[in-house]
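Q: Handing you a structure now.
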Amino acid sequence: TVLRWATMVADGSIAHYTHKRKAGTVGKHTSDDLTQSRRQVEAMIRENERLKKELAKANRKLTRQEQELDKWVKTSDVLGKALASMPDLPGVDYDAEENAYPKTKRDAMKLVDKKNNDSSTHLSD
């Protein structure tokens with residue numbers, strides 16, 4: 001066997017039969033690289049699965065919130081149109097695009113008085 005090994009060294013084919021080792025101190029507490037690698041891969045797979053579940057949960061929550069927001073936007077739109085269809089209702093600004101809603105109670109009362117005066121002048125005509 002030693003003669004065969006010496007022949008392989010001379011031929012340069014010894015590299016084919018050797019295994020590269022990690023440089024460092026080896027003792028009885030040194031872990032097996034393959035076992036450690038497998039454990040790391042298994043831990044990464046578990047973490048990946050956990051993150052996938054967390055992402056799916058977040059996506060479901062986001063979808064529910066988007067649906068809820070869409071529902072509220074539609075409700076607000078319908079209520080706005082309903083209020084706009086009642087121009088004689090005191091305190092309702094039916095020209096919302098042109099005139100902003102009154103910011104104070106005093107401004108709101110002025111608007112109501114103005115609308116009441118406008119409607120009374122139309123009735124007397």
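Every residue gets a Cβ built from N, Cα and C, even glycine.
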Q: Of the ranges 21-41, 105-125, which one does TrEMBL flag as region 'Disordered'?
A: 105-125
Q: So what's the average pLDDT for the coiled coil (34-75)?
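A: Overall, the coiled coil (34-75) comes to a mean pLDDT of 93.
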